[in-house]
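Peer 1: I am attaching a structure below and will ask some questions about it afterwards.
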Amino acid sequence: MLPKRAYPVQDSNVHSQEKKIIAGNWKMNINHSQAVSYLQELNWRLIDNGHDFDSCEIAVFPPFTDLRSVQTLVASDDIQISYGAQDVSAFSDGAHTGQISAQFLKDLDCKYVLIGHSEQRCLPCYPGNNSAINELNNKHDGLIANKLLRSFAAGICPILCIGDISPGDHFDATLSRFRSVLSHLKAISDKKHSIGYALGSKTHFLDSDQLHMLVAYEPSSAINSGNCANSGDIVRMAAAIKDIVNVRVLYGGGVNLFNASAVFNEDLLDGILVGRASLNASDFASLIKTCCL
């Protein structure tokens, strides 16, 4: 058995030392050959704009089929853009057709992986059957917790996406789901001491430790809408998440050239996750420039 606290944590004051991050989620766009020209253009535009990579990290999340091309280009051209995958399997290996393990992603030098994005976590509609919906939510939370543990074990930093499942959800419902994932994380890790997980007491989850992951708050009502959530709601959610556990928090959903800077520069936020507005290298470079002026 590994000693407790063998899990990936950082000192509680690390937040103040870490740079902010602007990440682009390509979703199911941009093929492997387009990815090469995209990254080359984004890189030279950032350099031409005088971007300070030491103060603001830039990351992209290509489709799985692009990752080898991205890895080769980043290594050969010494590009200072991080990258990650859009999902990961909850299993380490075996008969799981179509799934990609965390170790496979690590072998491709992925730094990050998105976990629990609402577009991955859509639930079927069960009119009037709240118990069925709750049961499915519970299973999803357990699956997500396993994905987190697989990422930790492989040395990849997960970005846990949380948000309302339906437009009628409230602030407390989103936080309840976040707590549920952490609760599953604790339950699983208590049974898998080889991973060395031990959760402390702060709000029944963590004490002064920081899980080596990020949390992206993405309300479903804002995703693909072109409109961000209310700034007050964003800050309130970021504060509530950080009160539960010491993690860095990003915002995603409706981020574009015109609202990105205001959201990015909120004191309690550690960065933004951009979708549609990151699909064109020139436009994404302009968005980054407005945030980092």
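Placement of Cβ uses the backbone N, Cα and C atoms for every residue, glycine included.
Not measured: the values here are computed from a predicted model.
From Swiss-Prot, for reference:
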- His117: active site, electrophile (ACT_SITE)
- Glu218: active site, proton acceptor (ACT_SITE)
- Asn25, Trp26, Lys27: substrate binding site (BINDING)
Peer 1: Select one residue from Lys27, His117: among these recorded positions, choose the one with the most other Cβ atoms within 10 Å of its Cβ.
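Peer 2: Per the Cβ count, the most surrounded site is His117.
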Peer 1: Cβ within 8 angstroms of the Cβ centroid of Asn25, Trp26, Lys27: which residues besides those meet this for the substrate site?
Peer 2: Gly24, Met28, Asn29, Phe61, Pro62, Pro63, Gln86, Gly275, Ser278, Leu279
Peer 1: Restricting to the chain of Asn25 (substrate binding site) and a gap of 6 or more, list residues whose Cβ falls under 8 Å of its Cβ, or answer none.
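Peer 2: In sequence order, Phe61, Gln86, Leu114, His117, Gly252, Leu273, Val274, Gly275, Ser278 meet the Cβ cut-off.
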Peer 1: Could you list the residues of the same chain, at least six apart in sequence, whose Cβ is under 8 A from the Cβ of Glu218 (active site, proton acceptor)?
Peer 2: His117, Ser118, Cys161, Ile162, Gly163, Tyr251, Gly252, Gly253, Leu273
Peer 1: What's the number of neighbouring CB atoms sitting within 10 A of the CB on Trp26 (substrate binding site)?
Peer 2: 20
Peer 1: Per DSSP, to which secondary structure element type does Asn25 (substrate binding site) belong, with helix, strand and coil as the options?
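Peer 2: Its secondary structure by DSSP: strand.
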Peer 1: What three-state secondary structure does DSSP assign to the residue listed as 'active site, proton acceptor'?
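Peer 2: Looking at the DSSP assignment, the residue listed as 'active site, proton acceptor' belongs to neither helix nor strand, so coil.
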